[in-house]
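Have a look at the structure below, then the notes.
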Amino acid sequence: RHQALATPLSHAAFTSSSVYSGGYGAGYAKLNRRGGAGGWSPVDADRYQWLQVDLGTRKQVTSIATQGRYSSSDWTTQYRLLYSDTGRNWRPYLQDGNIWAFSGNSNSESVVRHDLQHAVIARYVRIIPLEWSQEGRIGLRVEIYGCSYWSDVISFDGQGVISYRFKMKKMKILKDVISLKFRTTASDGVLIHGEGQQGDYISLELKRSKLLLMINLGSNQYGSILGHTSVTSGSLLDDDHWHAVIIERYRRNVNFTLDRHTQHFRTNGEFDHLDLDYEISFGGMPVSAKPSSGGRENFVGCMEGITYNGDNITNLVKRKKVDTSSFRNLTFSCSETQSFPVFFNATSFLHLPGLQDSDTLSVSLSFRTWNPSGLLLYTALADGVVEVGLTEGKVTVYINVTQKKNTRIDISSGSGLNDGQWHSVYLHALENYAMLTIDGDEASTVRTVIPIQIRTGGQYYFGGYFLRTNTPPAQRSFQGCMQLIHVDDQLADLPAVEKGNTGTFENVSLDMCAIIDRCVPNHCEHGGRCSQTWDTFSCSCNGTGYTGSTCHTSVYEQSCEEYKHLGKTSGTYWIDPDGSGPVSPFKVNCNMTEDMVWTTVRNNLSPQTPVSGSDLEGKAVLKLNYNMSTEQVTAITSSAQYCEQHVAYACRMSRLLNTPEGSPFTWWVGRANERHHYWGGSGPGIQKCACGIERNCTDPKYYCNCDADQTREDSGLLVYKDHLPVTQVVVGDTGRSGSEAKLTVGPLRCQGDGNYWNAASFNTPASYLHFPTFQGDTSADISFYFKTSSSYGVFLENLGNADFIRLELKAAAVVSFSFDVGNGLVELTVRSSTPLNDDQWHRVVAERNVKEAVLQLDGQYKEVRPAPPQGHTRLELYSQLYVGASGGQRGFLGCIRALKMNGVTLDLEERATVTPGVKPGCSGHCTSYGQHCRNGGKCMEKYNGYSCDCTLTAYDGPFCTEDVGGFFESGTLVRYDFLPEGGLPAMANVKSLSPLLPMEGNLTQEELVFSFSTSNAPSILVYISSRTQDYLAVVLRHNGTLQIRYRLGGLREPYTIDLDHRNMANGQPHHVNISRQERNIRLQLDHYPAVSYTLPDGSDTQFNLVKTIFLGKVFETGQIDPVLIEKYNTPGFVGCLSRVQFNNVAPLKAALRSGIVAPVTTHGILVESNCGASPLTISPMAAANDPWHLDSAGAVFPFNEERVSRDGIDRNSAIIGGIIAVVIFTILCTLVFLVRHMFRHKGSYHTNEAKGAESADCADAAIIVNDPAFTETIDESKKEWFI
């Protein structure tokens, strides 16, 4: 199909810039011919030479082949390709966003052929040699391949409009295919327009040299704005070159293609048909258009190949089957352009002569550029200089005259002129004034009085000035295009300059404007803003939630699970489940519990919302808004392992599902806009409520409580995650007299992240997983965790014909990222300071885009490699993606987890289940994440992660960092008994959360750690007794100073350590750590340095038969130090104790946690509180520096979402609570009176109360019972006290 186009041509079809001598003419430059001197060679070997082929008519060119001059040392090693319809206004062949340089020959005989990435339509083809043989000179033989091309062209003069009348008056169109090509020098104009009386329309127009497509398929009753959809494509379309447009629409789906770049979008509104009346017009607005559509210019230029839904409009025009009455002169050819552009590349200048010694300076030109600054014109006066430049996007003129004294005049005008559009500049300077006009706008002309005489020098330099001078210009050069250059009000004869008849130039491309818009199509992703200079573009990612040179990489983690494993605690966070994918980041509430992480998404429906109002069918519709898109919610539920949503329907004569047989009155709508007829506690397809599943409905004839038509409630959890969240509830039975219903829909709660823990274990070097080909043409990112004990192995690889991409472990501490997109091998490596084969998780992130390649290891080791300024940018892969090994490569041994490519997590586990040598999942997370378990917490392995076991610590929370503390009233004590050596028979069968209950024993070393705060002294903080006279006590003396008392036997008096230096009963939190090893005692108080003490030689070193720990007060019979009882035991400790731990025993935590079975008893009122002490953790990142955390004090919402009133008591329950409180108050007062009566004798009080029993004054007991928020109140009040 593609034939040789150049060989059949005559000698005269070949022309050139110059010829070395007779036999070297352009006509001999045919491939494989030996005529003349065997090919073309020019006189000079420089970059101004060209060989041109006239193909006779416009042809479709698909390939080009070159050869050196026969049997010589002359060949071309690199060249550019230009093409044109007219032999004027040349267009360079572009590829991958740049003017493409083709590789040529390395000898005189071999043929190098290049298939063009995209075919071009042209009559003239010009080859510009860029590099040539070092042994000889430029030599060339050429062949051009392609096929014939014909098309009817119509010229539009700005008056004529083609009106294509429909066969019917009104058209209801479901599917459209419209195509055309256009060519113009105008930046605005309507190409296509059609509209209907109902408000539908389709319009394609040029606006500021960009193409704007507007479609409205109609709107609903709210007004026409809802259906309007507009999309912009392309730029610089006023370049007088052909541009091809295709619009394909099926219902609301549209493909909009301009010059091979396609945008896919869906129209707004709700309708599928395009309703047009009478006609559709090409080249301007039809006569029948509404006046409101007016004010838009008609198209000026040429169109060809216009087709509309199968009809060839240009052919119908030629056959006079279409109305063209508005044309003054209809022509079927495209007139030649009059402009002669000049292209400057920052090393160029154009020198033109003008009038010398004239008293008037008059220069004008048009320019287009992306650069904010550059030199447009420089000319020397007889006495001084004039410089016209572009500075920060505005035109500036400096006139410097050195007649008697230096006189400098500055004029500036315009703004944002580096926008790629054509802008005109006109400078007129006379004896006493200067005038500067931009874009022909006379109204904004800047006029300045100048007190000097102008005498022109007659030499004008455009686009650059590189000669040495005493007054050099501020800008030396210009990158961009100029045209319509006038000197002394005369249009410069640039064709004459090209022929060498006038003026001079250097490194200038004449009759060509090779401007490229590097921001169209926009390589900045996720809404990043693109800006450019002539050579490159850059992306501003501010406010997008993404980072990197093309705003590709998310700055947020993918889930709450990932935040937890960074050591974060509960709060509100931004997450981005698909990373670099299309779903934008959003806010969720993360609740990190001990063994799982909950992601919570709230809706706008208040709890117990009364259902009122109804539509035409008598149904009330309640819509729920989650402040996020459907795609964002789906991203959470699809990766979660479990999701739930609580629903409750409180009814009074308002039936719910109309069970057992009827059609349901109420249903809810879920994720895929599907109706569901089951309620909380039931499942898909089962038209029942929870009571119907559990068979405990109040009326067994029905499957829902409310269906019995009484005052009841049906509530439960919806747990089928593919149906969640609830987006709408339709309630149907509220119209009867007396009917009433209240609806509660709780937040969506999801737990677990299947993507984050999705892992596979590779057990043999030959084992691998394969996936479909990776699609990462111009932008690709790969991230994963790996863990291995091997020192090498390929993580993943994907191959193409020549292109490939590979990530591998090259050595024990080196990770490599290598790829080839056609410019040769690129390899990035990062080296870790520690070995990577340590069987711990390491994270690899690799990214490659048109700007750069990045490889990052463990968030700290990084290499960045910029992409070459010119070259291939598309990664073309064909083979399958291999994970774990590939053909002939050293395979990877170990685990790979959370493998994500361009935002999509690959399901390693699912593929591993059917692949030999690879196992799903991976064990051993504690080696990497165990350090997050603090304060002695033990890391516990799970299949998909780990959890921290805080049982043997005095802390709680997901990382054992949350204080467990209690507020002690006067007389409160906690007692913890060590078991006798035989154990307690009564507790023998009790399952304990602790591995072993502590037994009595003899200690030679112990550690006691606790925190406290109080304003009262004296008191006993901690007392540890034994079955002998040995004890350890920590007391506050009367003056508030701390005393530690040790009695281990061997001494008459206890060994005491007195800390007299400050009062500790000051209401502030204090931390105490006492540890002993044999005779050595180490004491640390708060943040002060630790101090060592030594027991006297006479002292025993064994703490014999440790029996009981007392907190707050001592109530015990037996051998007790009388000093303690007399001085410090009354009235008892009042304040807060927290984090109390003696060796492996946490007595206070055991007393406060109902789940822990332990020999602990409590006397008096003990209210849980954190005592205002901050936990001992790594200091968190400041909120200002933490990009993820939104609200560190994220509120914890009650499960049923009920609103709590201001004083903490729900008003609805206050009355009932009050009545119950009075009853309990009376009972408790009676009990207290009886207890006090029974124990009214002298002597020690010995208690064997069960843990949790409380005895108190009536008022305190009443407060505790009546106020469920009492714990929180104490907690908060303590915080206030200790600020």
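From the backbone N, Cα and C atoms, a Cβ is placed for every residue, glycine too.
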If you follow TrEMBL, the disulfide involving Cys922 connects it to which of the following: Cys895, Cys933, Cys939, Cys948? Cys895
When the number of other CB atoms within 10 A of each residue's CB is tallied over all shown chains, which of the disulfide-bonded residues Cys895, Cys922 has the maximum? Cys922
Thinking of Cβ pairs under 8 Å, which stretch from 1-147, 153-334, 758-922, 923-961 has the most of them with the domain 'EGF-like' (515-552)? 758-922
Which residues, given as numbers and ranges, are at least 6 beyond the ends of the domain 'EGF-like' (923-961) yet have a Cβ under 8 Å from it? 561, 564-565, 567, 569, 592-595, 597, 641, 752, 754, 757, 787, 839-841, 895, 993-995, 1009-1010, 1138-1141, 1144, 1146, 1148-1149, 1153, 1156, 1175-1177
When DSSP states are grouped into helix, strand and coil, how many residues of the domain 'EGF-like' (923-961) land in each? 7 helix, 12 strand, 20 coil
Do you know the DSSP helix, strand and coil residue counts for the domain 'F5/8 type C' (1-147)? 9 helix, 71 strand, 67 coil
